[in-house]
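Residues annotated as domain 'Aminoacyl-transfer RNA synthetases class-II family profile' in TrEMBL: 1-357. Residues annotated as L-histidine binding site in TrEMBL: 71, 72, 73, 98, 114, 118, 267, 271, 272.
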């Protein structure tokens, strides 16, 4: 059904993953906000391009047409407009819903978590955009997922390319969604779809091909700024100027080694207006391969300056840029690695088990565990009146609890607790 139940070990892994992502968001000053799972259907429709067919629409409830949220960005834009907020840095971790064909092995589900970070407000160009890219770089580095590349492009550059190649305005968005497939299929297939299905002329498709197969860094930006045709196009010139500025900021952040200016990146969503980006994990399949092989996108985002204005009665715009971390895909990768390594994952964070060696000492355990909880220590005990000590210690070994606080008749008489290191079996009285 394209959703999943998690075992305790999987839940613990996901929890660890989410907390690493959230701690990065907090480090960058994000405030947590939440929006409802259900939105009015009209809020969502018309914002996602070809993705609109994947929106889960709910049955008509007496004239009220609702749908489950497709992502966290459109509800955020609606939230800003309704609350008249013009300046905000936020993060949101929540489930979204897509009526998709699931591919669970690749982390594609119908119900899945998204982790979003957005900066809303009128700021100088490319400073917030650079920070969003820095966040992606930090998270992928912290999680030690291996080699990755963050592809960046700009919708204005792409629209400029389409314009100088002779694509009519009405076909920009269909052309965009076709170009976006270049990371999955070869150029020949993209070209035939453009000509056969999207109605572009073969000449226009060939000219687009000359541009969208380019990727590089600052030197490519400089070269395109000198391009006789592109430099005549207002949108492309603006986009390239901002892209140059972005790369200057990314150089100061020290992360340009992992950034690629890639003209094939289009991102199919309609609401992007400027910089767009996508992070891809690279996998070295064998030593003989010179080029690492892509294993799919794990983060994406971009600038969407017009979206908030769609929900404001007066059409007031709030410029926004944001990033979404593909947590389910990352989770699938980490889960496979964990299985391959055979490593056992702790399902709780319990620090100490309160144990007793003799009968009739339940009161002593309850008293001691209450003191530990009140002191902020993560503690457990077995829910039996008189468990055997060996069974209590085996429970510690099975669940990875490092310490046992043992309180027996002798300890009670002496006013001490015996603390046992479960792994080394060392004991100290305290």
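Note: Cβ is positioned from N, Cα and C throughout, glycine not excepted.
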Span of the L-histidine site, taken as the largest CA to CA distance across 71, 72, 73, 98, 114, 118, 267, 271, 272 (Å, rounded to a whole number): 21
Cβ-Cβ neighbours of residue 114 (L-histidine binding site) (radius 10 Å): 19
In the chain carrying residue 267 (L-histidine binding site), residues 6 or more apart in sequence that have Cβ under 8 angstroms from it: 180, 276, 278, 300, 302
Sparsest-packed of the listed binding-site residues (71, 73, 272) - C-beta count within 10 angstroms: 71
